[in-house]
Amino acid sequence: MEVRNVTEFVLLGLTSNPRIQVLLFILFLVIYLLTLSGNLLMLLLISSDAHLRTPMYFFLRYLSFMDAFYSSVIVPKLLSNLTSERKTISFLGCFIQIALVIFSGATEACLLSAMAYDRFQAVCHPLLYVVTMNGKVCSGMVAVSGAIGMCVGLVNTLLLAQENFCGPNVIHNFACELPPVLLLVCSDPHTTIAAILTTLATLGFGSLALLLGSYSRIIKTALGINSATGRSKIFSTCSSHFLVVTIFYGSGVFRYMTPASGSALEQVLSLQYSVVTPLLNPLIYSLKNKDVKAALRRMLSRKSRLTL
C-alpha cells in the first residue's frame, strides 16, 4: 500500500456558520487590536518612565512583548480562516506555528518564574535586593528564559516532525498546536509523546515549583509581620502577578497535560490562553498597580502640556 505524505492541514476552526464567522471575526479583531495596544502601551510606559526602571517592570516589559508576540502567532491566521473558504495551512507553516506557540508559552512560563523570584527577593531580602537583582542578573534571567523557550520549541517540534503524517489532515482546532496535531500521526507516536511530555512536564513543573517556593516564602514572611499595613502592601504588590500566573497555568497545564479529543472545551481553553490571556495581562497589571497608573497619568499630562 502506497503511503502518501500530507502537504497541508485543514483547520476546522470554531464554526462553519457564515454569520457566526462574521461576528467572531469582528470580536477577535477587536480583541487583537486591544491586545496589541495594551501591551505596546505597557512597553512604552516602562521604557519611558524613570519610576518604572526596577527589576519587576524590567521583567514585565518582556512579558508584555511576549504577550503581543504570542497573540500575533495565533490571531492573524484565525482571522484569515474566518474570512476564507479554504481554511488550510501548509505542513511547514503548521510546524512553524507549533514551534512559535511552544516557544512563547515556555518563555512566558520562565519569565513568570523570574518575576516570582524577584518578588521573593524584594519581600524576604529587602536589604540585599538591589545587589541580588542587579541589571546583569535580570538581563541574564531574560536571556535564559528566551533560550529555554527556543530549545523547548525546537526540540518538541522536531520530535513531532519526524513522525509520519499520511492522512487524514483535518485539525479539530483553529490553530496548529501539539495536542490536536498529534492525533493525526499515522506511525506509533508513543516514544514521541513520552519525550514531548517529559520536556513539557520538566519545564512546567520546574517553573511551577520555583513559583510556589517563592510565594510560600513570601506568604510566610508577610504573616510574620505585625503591621497590617505592611502585610497589605506585600499582598497588594504580589496579587497582580499571582492572578496572571493562575490564569496562565490553569488553562495551559490542563490543555497540554490532558489527552486531546477535539472537544469544544479544548478550543475554549486554547482561546483563553492564546487570545484572551494576552489581553488580560496588561489590564491586570495596569488596573491593580498604582505605579503603572501613576506613570500613565504622567505620560498623559506630558502630552497635554505639549499640545498646549
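Cβ atoms are placed via backbone N, Cα and C, with glycine included.
Residues annotated as domain 'G-protein coupled receptors family 1 profile' in TrEMBL: 38-285. Under the heading transmembrane segment, TrEMBL lists 20-46, 58-75, 95-117, 137-159, 192-213, 234-257, 269-287.
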For the transmembrane segment (137-159), distant same-chain residues with Cβ under 8 A (at least six beyond the ends):
55, 58-59, 62, 95, 98-108, 110-111, 114, 117-118, 178, 192, 195-196, 199-200, 203
Taking the domain 'G-protein coupled receptors family 1 profile' (38-285) alone, what is its mean pLDDT?
85
